[in-house]
Amino acid sequence: MAKTTKTSAAGIAALGLLALLPLASGNQYLLSVGAMTLLYAYLALSWNILGGIAGQLSLGHAAYFGLGAYTSTWLFVNLGISPWLGMWAGAVVAMGAALIVGLSCLQLRGAYFALATIASCMVLKTLVENADTLLGGPRGMEVTLLRDAPLYFQHTGKAYYYIVALAFTIAALLINRHVLRSRFGYCLTAVRNDQDAAMALGVPVRRYKLTAAMLSAAMTALGGTFYAQFVLYISPDKVFGANLSVVIAVVCIIGGRGTLWGPVLGALLLLPGEELARSLTGGMVGADMMLYGLLLMIIIRWEPRGLMAILSRRAKAPARAAGTPAKTAGPAMGGTQ
């Protein structure tokens, strides 16, 4: 346990030091790409609580992202409430939505649960598209520009957003680490590995899955507020789109779902890779999704547990070569941090 704690702390410290490089460069483009990379790392870590540790494959997390974005933006534009406060209202709304979806869908398993989450996201997207007077309908909403107003989550420099995204990501890492090491996390892992056996052992499966869904939804909603303030415009297609749900899940799966560092590793690979793919293809529509699909096929074929499992295996190889007994591998997901 002490070794794991030291490793996690060292990893977070290393992430912080690595994150200083774009800040030191002062390049606005690098800071912008870095902020989006950290945002997706944060979103993947949020998804990881339900989709990784608990093993419930959600493909509707864009619903919570969109609820966070729209709630905080509406409160800001219409009532002048700072997004720093409005984002918590968005988190509460997302938790309520997760409770409703969870009560009706969490008894489903596997592909059926995934389809149910997609359907819930589509329903919300349709409702927002038809709310012309309240939410702008298909046109979406523009965020009121205040320029340099840090107390209202706005700044002309990208370094501000980069630092905020870094803080979000570190907070999500700490939450994931706490969950993984807690009784709650152990029970979620048991549910993921064998739900029937967990129920037989007295684990309150329904309550734990609902708690994981609501925590994951609240965290995702906070990311929606960040996105709205970063791009200053939201629309149903942008924040409730099926592509967004898929990307959040794919980032985590490629990195290694159920692990602490897998979502971060997935984001560090995919988001800069997406920018590279766009530049090489001249901005071809769908280049990013082609990249995600290709990498997902390669990595799942090579190692279904993701990049963290590959790195873990490589790290243990020298010990085996030296004749040192390697530790027994952990469970299929969640054993690598």
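Cβ coordinates come from backbone N, Cα and C, glycine included.
All annotation found in TrEMBL is predicted automatically rather than curated by experts.
Annotated in TrEMBL:
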- 36-55: transmembrane segment (TRANSMEM)
- 62-81: transmembrane segment (TRANSMEM)
- 87-106: transmembrane segment (TRANSMEM)
- 159-176: transmembrane segment (TRANSMEM)
- 212-234: transmembrane segment (TRANSMEM)
- 246-271: transmembrane segment (TRANSMEM)
- 283-302: transmembrane segment (TRANSMEM)
Quiz item: When you check the transmembrane segment (36-55) against the transmembrane segment (87-106), do you get at least 3 Cβ pairs under 8 Å, counting only pairs 6 or more apart in sequence?
Solution: no
Quiz item: Taking residues 6+ outside the transmembrane segment (62-81), which of them lie with a CB under 8 Å of any CB in it?
Solution: 43, 87, 89-91, 93-94, 97-98, 101, 117, 120-121, 124-125, 128, 134-135, 141-144, 152, 216-218, 220-225, 227-228, 234, 236, 239-242, 244-245, 248
Quiz item: Any residues 6+ beyond the ends of the transmembrane segment (87-106) with a Cβ under 8 Å from its own?
Solution: 56, 60, 63-64, 67-72, 75, 81, 113, 116-117, 120, 124, 206, 209-210, 213-214, 216-222, 224-226
Quiz prompt | Distal contacts, the transmembrane segment (212-234) - CB-CB under 8 A, six or more residues away | solution = 35-36, 39, 42-43, 45-51, 53-54, 56, 58, 61, 64-73, 83, 86-87, 90-95, 97-99, 101-102, 106, 140-143, 145, 153-154, 161, 164-165, 168, 172, 175, 188, 248
